[in-house]
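The block underneath contains the structure these notes are about, expressed in structure tokens.
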């Protein structure tokens, strides 16, 4: 593998050299600038074919099918010998089938090629030779300095060299890699010197290991140039992997190390392979049986012919003398003639009909309204129609967790504070006992302290700047004296800061109607040396700033407003067109001559808070004043429509009819005294309450909280909804703004800003899987130090002081109640730290960090010492929002006999909680954990114990939970034993898996002798390997990109749609394909059975009873349309019944209807029908062939035509009899097929071609004969009476199909009972 990487990296002028399996990469590329830049090194490829390989590779794949290869051989033979029938009868169907299949597969590969090009052609900013350039993603090569902006995907594996974060951090999400959307922190290598952009390519050389599949490890170093020659170590925390997304960091620069197909993401993805439905195995078996029967028939007829030539024909003198010599050529001629004559036993049109049925069936799935998501306008997508029927054969379903079973959205639901339980009601709490609603103004001391702890005990990041910048930017929006342009009422609403939640700005209320079309985007960047500058383009990268003269290198392209869904990096400023003087804002900041205010010491800001105006909330108050309004920005109360206010500046002297005014409050300019209006005050209060909720929701959305845990984000957002808004940290100073609700109109408000509390964060004691908790040590404004602890109750309760014993008991009972509701719980505690204790903690922590041995253990002991004698505050209950109807879907699939394995990259605790809440693991199931297993012996002990639990716990459901480390041992050491035990479990939960491990688990189950049919479902790029490895890959078009959906065989928007896809569409397609396959073999045996019987009455002369026209059109026109129509519309049960009765799914699993009993039953009917048809006609023509209306005997051409006519009628009526879903259109197709035979034969028999056999006017004579019609009716009834009788008896007596092999099921059950443990 390493040699492969070496060859791959060296080809096409790669800028990578290898020494002892390590890669050496020059930062910025090779120093030889004359060397031509290699292209396509970062190209990804998921296609199967190229223009050169398509034809040979596709033909090779198609001729691997037995029927295609057989007809190719038959076509060649018919061209070489004196064929009894026209060679075109074999060649034309073969060409048609090959062409249709090749076109379908080529089109699917073109679609994959297009999706690859979307990724490969995406623009990427790189720095080459100190200059910025925009190139295609596929042209990025090792050594390139790649610029990645916020909310952009990383194009290849990069070593982080620079970040806009002042602490050298970079925040990313890796949902496409490991399924986790939590924020992760990467770091610029420590002690990396800061150089100009023009000098970055001279930093030195990166030496790293060859690429591996491990996402969590990276070994390398940077050898710096210069006299120092220092070497800086590189680890996984310095590498941005392809598939990750930069969050909460404006811009980063990294050096490309692994590109294209050798990135860690691509190495974890399996190559696209051909997937074939399990039904093809049965089809091939049937074809082999028919082929053997064909060889036997041909051999038998050949020997019978030779016998007649030797012993019978010499006695028939009227045939002339028999030939004395017999050559090899004559042998081949005779034998191959029979082979050509009976080649229609192999139904070549079966494959093309299956292809058409699959394509049309996939369209039905895409058109299904139940699989359509209206919110995102996303229908179901079928990428591989070859597997439609495989949806009805699934035994084991492998599912991702994050984004598949859950939405990965945490919602704060309940809490326990001071022994009382409360329900969260958006902006208030509801006491469970008294049902009283409490807002932040009514909180007691315990409740305030509890939510204060939640608002600071976390590591949440606030996106793009602080709130002061939003306030400052808001003050810049004041119009100048020369601003007179006014927009109409439909103009866009203005943007506000958090301070305006409790204060009303007169100008802001009016400026919502100002014309903001003349705006520019202003980015403010800070120089490392605290030099500030202002530029007028939002497209200037903060990292692309030259140190010389503090100038700005601007991109030579139009200014474009860039907006992500959650933020904007630029400040929108009004241009003061002809203002005679520059106004002064509230903070005293001046404006420049061009109307752009200078903003000292400011970082890029976040999207400003947006709220709707009162006119929009209360539209019944007529038209607002549309004239220009000038005055103080804090002049009027918030929420009061213009119609309520004192006569504003520039308003008409007389108010509109029906409008009431009020005078300003004498106590405060910000008064909420009730106005004198006649309508109900509660309506206004209700509208104000709704507006308040909308404001808080929009503002939290604006803050764009980024957390390492979704639980933390949910708790911080809940605090913000209640009025304790965490506004970010500035150099470890946490700011919490207290924003009380203003629903009471009688309470006066001051014009001052909301109260803000600050805490200095001293230490963060990180969460680990061993500690099960995290803590922060902070210092409040009064200089007191506190430790706040948040974690699992089983780990926090023992740390609480004895004084909290009673509270612990009450809180524990509440936590049990929360857990029964499926909520995730955390306990919250705190205590004050004395100065002496804090100094001792600092000393011990420094000693632990400086220790080279047992550093982790010493640090945790230091943490545990200070995390003691805590005062319990309460507990939180958070709901991990499941996908819609996920529990019903999983329960239904389990009832359908599908075992579900959840493979996730999440932690065991998180995954277990979700598995219980969504119904994956039954609540009363026995849970068996295999954690941190290190060797084969331990794993075998675990498996032996688990196997005994399953055997002796009869009827007891058992669930297996295993982590990635233990699974690695199981896969490497005891794979077969692990597989055989795990498949016996009711549910399996595998945690902390890499993408490659997921695919290895699927591959392991596929290798079982039980021939399980597997399906995998996921939504992220980390699930692609698992999806491609399974028999059926299903993608969910989730939030974290659509790579899984593009690589899957089927894709849709919601997990709950899987129930309908499998139980309805899977059931239907399985039934339809079985009917299609069995019917094709049936009708061809009827067709050729008559030919076989005819040979016994022609001295085995290898002559055909049918005209070549009948041979050509039998499978194309006469019998193709009805079976195709019923194969796409057959419904043995209604959709509602299939959804309500999942057990019906088991009827088709393991391709039960394609087993030998069903096949043999159809073949027996085929033989019976061919015998009845042939000998009824033979008797008619033998005993009295004067059946024509004009009293003449019939010719031989009438015999073959009558047989063909009867075959067409009988096989079409047989299909009608076997069908369950009868529609007028279906009956119409049967009638059309029979009429098709009549019409084509009438046309053909009136033309005297004399091409093959002479049937001139033969069919017209038959149509005019009444005895022929009576004979046709009699023969059809005789053929179909047994079919009809057996079918009616099965329905009347409820007789089910059974195996014709005696004792088979009994032997299987006995073998299962005899199975024992492995040790």
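For all residues, glycine too, the Cβ spot is worked out from N, Cα and C.
Whatever TrEMBL says is automated annotation, not expert-curated.
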Could you tell me which of the ranges 1073-1096, 1289-1312 is annotated in TrEMBL as transmembrane segment?
1073-1096
Per Cβ pairs under 8 Å, the stretch of 282-304, 335-354, 1108-1129, 1156-1178, 1190-1213 packing most closely against the transmembrane segment (1073-1096):
1156-1178
Rounded distance in angstrom between the Cα atoms of residue 767 (ATP binding site) and residue 402 (Mg(2+) binding site):
20
Intrachain neighbours beyond the transmembrane segment (1190-1213), with Cβ under 8 angstroms and 6 or more residues off its ends:
1082-1083, 1086-1087, 1090, 1104-1107, 1110, 1114, 1118-1119, 1122, 1169, 1173-1174, 1177, 1181, 1230, 1233-1234, 1237-1238, 1241, 1245, 1253-1256, 1258-1259, 1261-1262, 1268, 1271-1272, 1275-1276, 1279-1280
Provide, as an integer number of angstrom, the distance between the C-alpha atoms of residue 402 (Mg(2+) binding site) and residue 1022 (ATP binding site).
11
Which bits of the chain, at least 6 residues beyond where the transmembrane segment (335-354) starts or stops, bring a Cβ under 8 A of a Cβ in it?
65-68, 70-71, 74, 77-78, 81-85, 90, 93-94, 96-97, 100-101, 283, 287, 290-291, 293-294, 297-298, 301-302, 1073, 1076-1077, 1080-1081, 1083-1085, 1087-1088, 1091-1092, 1102, 1104, 1111, 1114-1116, 1120, 1123-1124, 1127
Cα separation, residue 400 (Mg(2+) binding site) to residue 905 (ATP binding site) (Å, whole number):
8
Taking 10 A as the limit, how many CB atoms besides its own sit near the CB of residue 767 (ATP binding site)?
18
Quickly jot the same-chain residues contacting the transmembrane segment (282-304) by Cβ under 8 Å, restricted to those at least six beyond its ends, or write none.
65-67, 70, 334-335, 338-339, 342-343, 345-346, 350, 1077, 1081, 1085, 1092, 1095, 1100, 1102, 1151, 1154-1155, 1159
Taking helix as H, G and I and strand as E and B in DSSP, count the residues of the domain 'P-type ATPase N-terminal' (35-90) in helix, strand and coil.
27 helix, 0 strand, 29 coil
Distance from residue 824 (ATP binding site) back to residue 1023 (Mg(2+) binding site), taken between C-alpha atoms, in Å:
25
Calculate the distance in Å between the alpha carbons (Cα) of residue 824 (ATP binding site) and residue 400 (Mg(2+) binding site), and round it to a whole number.
20
Rounded to the nearest Å, what's the C-alpha distance separating residue 400 (Mg(2+) binding site) and residue 1022 (ATP binding site)? Just drop the number here, would you?
9
Ten-angstrom check, please: count other Cβ atoms within 10 Å of the Cβ of residue 824 (ATP binding site), all chains counted.
22
